[in-house]
Each structure stands twice: as C-alpha cells, then as structure tokens.
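**Q** Pulled from TrEMBL, these are the listed features:
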{"type": "TRANSMEM", "residues": "18-39", "note": "transmembrane segment"}
{"type": "DOMAIN", "residues": "31-114", "note": "domain 'Cation/H+ exchanger transmembrane'"}
{"type": "TRANSMEM", "residues": "80-99", "note": "transmembrane segment"}
{"type": "TRANSMEM", "residues": "120-143", "note": "transmembrane segment"}
{"type": "DOMAIN", "residues": "124-382", "note": "domain 'Cation/H+ exchanger transmembrane'"}
{"type": "TRANSMEM", "residues": "155-176", "note": "transmembrane segment"}
{"type": "TRANSMEM", "residues": "183-203", "note": "transmembrane segment"}
{"type": "TRANSMEM", "residues": "223-252", "note": "transmembrane segment"}
{"type": "TRANSMEM", "residues": "264-286", "note": "transmembrane segment"}
{"type": "TRANSMEM", "residues": "298-324", "note": "transmembrane segment"}
{"type": "TRANSMEM", "residues": "366-386", "note": "transmembrane segment"}
{"type": "DOMAIN", "residues": "440-573", "note": "domain 'Cation/H(+) antiporter central'"}
Amino acid sequence: MEAAEKATCRSVDNFNPLITTIFQVSCILVISHMFHILLKPLGQPGPFAQLLAGVVVGPTLLSRIRRVEDFFIQASSAEYYMLFSFLCRMLFMFSIGLETDIPYLKRNIRVVFTVTKSRFPFYLLIFTVLANSASPVVIRMIAESKFDNADLGRLAIYSSLISEMSCVAFVATLTACSSTIRLVGAIIATLVTVLLIFLNNYLPFVFNKRNRHNRFLTNSELFLIIFILLAISLLVESAGYTAITCCFLAGLMFPREGKTCRTLLHKLTYAVNTFVLPVYFGYTGFQFNISKIFNKLTLILTVLIILLSAGTKIVATLAACYYLKIPRNESLILSFLLNMKGNYDLIIINSPPVPKMLWENDIHDLFLSVVVLKTLILAPVVAIWLNRGEFCAHYPTTLEILNPESELRMMACAYIPRHVSGYLSLISALSGCPNATLNPYVAHLVELRKKKKSKLMYHQLEDGDQYSDEEEYGGNDVVQITNALDSFISETKIPVHEAKIVSSFLTINQDVCNGAVDLRVSIIFLPFHKHQRVDGKMKNSMEGIRTINQKVIRHAPCSVGIFLDRGQTGFQQPHGSLSVQHIATFFFGGPDDREALACGKRILMHSQVSLTDFRFIQANSSIQNSWISDASHKDEEV
C-alpha cells in the first residue's frame, strides 16, 4: 500500500515542472560560475566546474534532501530537462561547425582520421559509448587553456569531432538497418539536412545584401536563422535520429564571408559559453547519483570499465601518434583528451536508438556513472598538464626558422581604415604559395576614451544595436574596416580574421603583445607613424603611434614589421592582377635583414610577384680608399 501511495504521489506533479526546471537551471548556472571562479586560479576548466555543479544540485548531494528532491525531481520534469538539453545541444553543435577551421581540416585529414535482433546491437552500442569522445568537453578545455591555436590543440579538437561524428554515423546506420520505418526516417533526415544546408547558403547572401552598410544583422534576421535550424532539427529528432550531425554540418557548410557569419559568431559565442554549455554539462552531472554505485559489484564494474576503456583508448592513440611521429609527451596528452565523455554517449544511454531496446536500470546507472566519473577524474589531470605550459610555449616566433611551406600566422594592426587597404595587399601577396597556408588576423586598435553613459534603455535601442559601450568604440571606422575585409574575402576567398583591441594608448602595446601570444603569430605588422600625402611628402598620422610601435618592438614575443603604405603609388594587391609586381629587399646583414629576406621569400611565392635582392658587402678599407682617391681625380660624384 505504501509503495502504491508513493507511486501515485510521483505520478502527480507537486509543483509546476516548468518552474522547477527553470529554478534548477538557475541553480546550476549560479553554482557552476561560483565553482569556476574558485577553481580557475587552480587551472581547472569550465566543464569540470559545471559537471561538479550538476553533481552538487543532483541526487548525489542537495537532492538527497527530501524537500529538494520533491521540488526538482517530478513525474514530468524529465521531459523539460530533455527539451533544454536538446536546445543546448543544437546551439553549441551549430556553433562548433561555424568555428571549424576547414583549411586546417583539409590539410590534416589523414592525421585526424588516423588518431580516431540479436544482442549484437546491444554490444555495439556499449562499444560506441566507450569509444566516443565528447567534442564539446574537449573544445572547451582546450579553449580555456588558450591551447586552441596550437597544432596539438587543433589536432585534439578535430580528432574528437571526427570520433563523435563517426559514432553518430555508425549508430545511425545501425538504426536505419533495424526496420523499414527507420530506413524511411533516415532518408527524411538526410533530405531535411540537405534542405537546411541549402537555406543556410541562400539566406546569408540575402541578409548580407540587405545590411551592406551595417556591421551586424538585425535581431529578427538572426532569429529566423535560429528558428529554421531548430525546426529542422526537431524534424530529424522526430524521425528517430539525433540532430547533432545535422546542426554540425549546417554550421560547417555555412558561408564564412559577410555579416551573417560574423553576427552568428558574435551572438552565439558568448551565449553558448556563458549559458548553454554550463546548463548542458550541469544537467549531465545532475543525472549522476553516487548512491547507485555503492553496491560492491557495481563499484568494481565501474572502476574496471573506466580503466579498460581509458587504457584501450590511450594505447590506440599512442600507437597512432607513434606512426605519425608525434612526440611522446604530446601523444600522451592527446590520448587523455580523447578520453573525455559527456555528449553523444549520454544520448545513447538515455534514449537507445534501436527500437524496442531499453537499458536495464542497473546498466543505465552503470554507464552513466562511468561517463560522469571518467570526465571528473581526467579533466583536472589534463588541465594541470596543459597549464604547465610545455605544449603551448614552443612555436615559431620568426619567419627565418619557419618552414616556407608551413602555416604562417600573422597579425596586422590598424588604427584607421586607410591602414587596412595596404595590409590586404600584403595578405594577398603572402597567400600566393599553393602549398603554404596563411592565417591572417587584422586587429583594429581603438583608443579607450572616457566612458559615456547611455540614457537609452535596452528596449529603446534600434533593432540590431548592442547594449554595450564597447560596440561604440571605433565609430564609423569599424564599419569601413569590416566592409573592406568583407569585399576582400568575397573577391579572393582568403579567410581573414577580424579582432578589435580597445585600450588606453598607454597600455595598448601590452594588449597587442598578449594577443600575439594567444594567437601564436610569427610576425606582427604595425603601421608607420607617417603617411604619404598626394604631393609625395610624409605627414604624421596620429600622435602616439610612434611610441606604441617602439614599445611593441621592445616587448613583442615575435618578429615585428613596420608597414609603410604609399597608397596608389606603392605595392598593389597582386591577386587577380595581370601585371607583375616588382619588390626589392636590401640585405646588409644581421637578424633583422634575414627576417626581411624570409618575408620577401614568402611574398616571392606568389606568381604575380618578382623579387630583387640587393646585398651590401663591406669592402676592404684599402680598396675603398684607393677607389675614392681614383674617383677624386675625375669630375664624377662619388
């Protein structure tokens, strides 16, 4: 009788489940940010703090209290949790696809792939759960360690992505072969994914044309893109398949040039990192109940599965890295990163894709414990390892030691739109080698002036405006620079990353140097403090640029070049030009001249550039004196 009464009570919600879900999400956000503030000085990543927050709110700790459990865990609350998880999952997978470095993936696809009605479907799903790598966890850990621009960091990111997408494709194939209805669902899911990709290639063209004089899209246009993404994702989910691949492919195939992609990255990055991922990882920890593994057999099986799955993946990754000749210490950190769990494996555990197949409660709790505990154990170890700095400190800081056919990362600093046109010509020339890759960043340096208080409330802003003073810094220069970059990218198909550094001119040199370290660039280009007038004379551009240039040269972690743009009379963009551009380098000797020669060699790789090198050799003093004395007898100028 008592059990029946409890079951009846459980079938009826004591509170509104939507209110309890929102309250639970709020608790996870607050506690995860508190943990992140406490653990960040110790080098611990955000996903670890967010998982821990979910564990604290869940049945492991706070929800063990009867009143808290009755409030959070209700009969229909699971449906709301699943809806929140679905929305979070779709947004961050689309965001991951948008931020994917396609040129790097094309160059290193072989390396990335090398590093990743019976009971038969049951065993296959178990192996999929254990073999999967949670790409969101790996991406956030590497990004927070400022490791995402290193070769090893990018290899780990795309290896985890390929691993996860392979598991999704494998399970989708298994599901499609299970019944005719599921096969029809697979066809429908494929067709709507193709439709989504087509719409995502057509809408940016229309929106970019409508907003040619703005920096960002309007909020209504942005909402339309997100609405289409979620609507088609729901269709894929209703067909019996996860929409992870659909959203990732939509982001991956999204046009990178123009204001649409910039707006999505600008809006989604902050929202995903601040709200979406903490809620998603927090809900993962919320599902974990430590009391479920207190059984002796369950505890032994949990430890055994963690050791076997981790050991197997470590050995396999080390073998692949040995074949690819990756250093041993980098191979070890890569193998630990690929052991992270907490995304697609949880989807399989909570909703098995094979019809009429349900996990037993003990098996469900066992694998859920393995997924959560494995990440909670390995994440701090990997974070400590990454924060030691061994893997991030070594990168080429000069062009002289850089392989001519390897990736060149450069940062060009501009104060006003006039500086950008010359940089684009330089970027066009440096990207001429077919075997080498250029990764350019154009940083808009804006002086931080006295803050002005806005009298407008948020609802009084025009559509598309930002309630942030930072967006006002730079004025109309920001739009002009953005339009110049958009035109260049559209014409040349060379991806250029845009950044903005807002700081006082007294300390902006420190921000430039810190940005160079974070982006791991090999050379910084700074504008000359004078510009050429129409009559050919030089005139000071802005007060303070010369001092900033001198400070950057003294403290820069890499090579620095001072760029003098002579406008229409100087070097022009070689891309698409029929005429050959002639450049010259003057070599007197020393490291600076060797660096200039290495830069000239990079530019020479462009088919429309011709290079002449003038080498100056100091003559013997006796030979020089005799030459001067001979010349003094003639009416010629020496």
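Even glycines carry a Cβ here, placed using N, Cα and C.
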**Q** Report, as numbers and ranges, every residue of the chain located at least six residues beyond the transmembrane segment (80-99) whose Cβ falls under 8 Å of a Cβ in that stretch; write 'none' if there are none.
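**A** The answer is 17-18, 21, 24-25, 135-136, 139, 161, 226, 229-230, 233, 237, 243-244, 247-254, 261, 264-265, 268-269, 271-272, 276-277, 279-280, 283, 286, 343, 350.
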**Q** Six or more residues out from either end of the transmembrane segment (298-324), which same-chain residues have a Cβ under 8 Å from its Cβ atoms?
**A** 111, 114-115, 130-131, 292, 330-332, 334-336, 338-339, 362, 365-367, 369-370, 373-374, 377-378
**Q** Could you tell me what the rest of the chain brings near the transmembrane segment (264-286), counting residues at least six beyond its ends with Cβ under 8 Å?
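**A** Sequence-distant neighbours of the transmembrane segment (264-286): 24-25, 28-29, 31-33, 46-47, 50-58, 63, 81, 84-85, 87-89, 91-92, 94-95, 98-99, 136-137, 140, 216, 222, 225, 254, 342, 346, 371-372.
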**Q** Over the span of the domain 'Cation/H+ exchanger transmembrane' (31-114), count residues by DSSP class, listing helix, strand and coil in order.
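**A** Final tally across the stretch: 69 helix, 0 strand, 15 coil.
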**Q** Do the transmembrane segment (223-252) and the transmembrane segment (366-386) come together with 3 or more C-beta pairs under 8 Å, pairs six or more apart in sequence?
**A** no
**Q** Same chain, outside the transmembrane segment (183-203) by at least 6, Cβ under 8 Å from its Cβ: which residues?
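**A** Same-chain contacts beyond the flanks: 172, 175-177, 224-225, 228-229, 232, 235-236, 239-241, 245-246, 249-250, 253-255, 260.
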**Q** Across the domain 'Cation/H(+) antiporter central' (440-573), what does the pLDDT come to on average, as a whole number?
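**A** Across the domain 'Cation/H(+) antiporter central' (440-573), the average pLDDT comes out at 80.
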